[in-house]
Amino acid sequence: MEGDSYHNATTVNGTPVYHQPLERHRLWEVISIAAVTAVVSLITIVGNVLVMISFKVNSQLKTVNNYYLLSLACADLIIGIFSMNLYTTYILMGRWALGSLACDLWLALDYVASNASVMNLLVISFDRYFSITRPLTYRAKRTPKRAGVMIGLAWLISFILWAPAILCWQYLVGKRTVPLDECQIQFLSEPTITFGTAIAAFYIPVSVMTILYCRIYRETEKRTKDLADLQGSDSVTEAEKRKPAHRALFRSCLRCPRPTLAQRERNQTSWSSSRRSASTSGKPSQATDPSTNQAKAEQLTTCSSYPSSEDEDKPATDPVLQVVYKSRGKESPGEEFSSEDAEETFVKAQTEKHDSDTPNYFLSPAAAHRPKSQKCVAYKFRLVVKADGTQENNNGCHKVKIMPCSFPVAKEPSTKGLNPNPSHQMTKRKRMVLVKERKAAQTLSAILLAFIITWTPYNIMVLVSTFCDKCVPVTLWHLGYWLCYVNSTVNPICYALCNRTFRKTFKMLLLCRWKKKKVEEKLYWQGNSKLP
């Protein structure tokens, strides 16, 4: 071989014999391999870019668990852009034509990204395990900052393990033993070293992750059984028999979905708010100029809570609002409410008649701009509409009362007194937490299964080649190695299949609907109607 790696030729009796590119494959083979690998690479890139964009644009996805998935997507994106395409070129040409430096850089990037994927899966497995088995102690420490530290350590360990050895081994031993037309890790030329790295990089992590997942599954099933027993005992209480509406109220307090655009357009209102102390002094609140309201009263942003599908056959309950106070940050979500926390609000209802007799009120801020120094503190409130004696000001605004969900509604002729059973509330809360844990465990199981299926063939061939060097055909080596890359293609599909939020966000991004959705929501929540 010539010393200059950029001259693609060998010499026979001093005469250069140039290699013909793609000489080892027929034309149809080249076209087929190139087309298939190009499609897989494109799907990998698009899928993992969608994961990153989804994490950026959808705040619902910014959870601690999804930080680990974001890190995994970064590793998969590197593999989709660089590893897949360079390895395909290497296969089609039958030789490495980019030189030793490019070879070492590619191998370092490839092995660091692949090992980072394994490390991220380990971190996700331990995170799920501790979240299930130590919910009180571990979850208090489970913060985005801590997740960032763990992700950084996963990448740092992967870099330290592979990059220095791949790039510097030839200098440590004093020479490069890898032929110029080949690209492989020099220190893995010994079968025993290859065997050891396969054990450390694949078999041990897979064994640990499998054990952790089995324990996660067993603990989740145990908690599901305990919760079912608790729900069974709770459902036979007399309070539940007499007041079936309790379940609907508690569910409404926990869920506050945003209305659809059509509902928003039908139910836009303008409003102003004042403290209850103003009305108790005998002076009814009046709708005033928005600037005056902003100076004298805390502004509210609300969304109406509609009953879920499982509540449709139950008696209608009072609407529940999620209220965001624009305040100086003195309040906190954990504060206890008293009767003084009730709000009396003038709303100008522009609702249409629906099947239910209870009107739906959508309240918008009086002004689009708020002082930057103010903070948002979220509370959940119940909207109580008085049927008799409802006051109306000269602008046609009706007075309604907003009560905290935790504050019982006074028994008035026009309202239903709802006082949820505390034990039932606890059961509901436990069920919601358990549902989230089960979804996270399902995502982990899908990712882990995909990892085992795609990585096992290659690592089995590594073990076989240790004892029988010529037993594995070159074609199988290529397929096994490429199958490891396919894991990066499958991971985003697993996220979409197991996580509804990912799936919906992917769909909106692919259909270019996300920007339109954001604009509509911004217009709605800022309020597109002004006070008269």
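Using N, Cα and C of the backbone, Cβ positions are placed for all residues, glycine too.
In Swiss-Prot, the feature N-linked glycosylation site is attached to one residue out of N8, N13, namely N8.
According to the topological domain annotation in Swiss-Prot, T88 and A440 sit on opposite sides of the membrane. The disulfide bond recorded by Swiss-Prot for C103 reaches one of C183, C214, C253; that cysteine is C183. Within the chain, the transmembrane segment (444-464) has long-range Cβ neighbours (under 8 A, six or more residues past its boundaries) at 72, 117-118, 121, 124-125, 128, 194-195, 198, 202-203, 206, 209-210, 213, 216-217, 471-472, 476-477, 479-481, 483-484, 486-487, 490-491, 494, 497-498. Remark: C183 (disulfide bond) has Y90, W96, C103, W106, L107 as non-local neighbours, by Cβ distance under 8 Å and separation of at least 6 in sequence. Here the transmembrane segment (192-214) has long-range neighbours at 115, 118-119, 121-122, 125-126, 128-129, 441, 444-445, 448, 451-452, 455, 459, 462-463, 465-466, meaning same-chain residues at least 6 beyond its ends whose C-beta is under 8 angstroms from one of its own. Proximity of the transmembrane segment (147-169) to the transmembrane segment (30-53) is not established, fewer than 3 Cβ-Cβ distances being under 8 Å for residue pairs spaced 6 or more apart. Secondary structure at C103 (disulfide bond), taken from DSSP and collapsed to helix, strand or coil, is helix.
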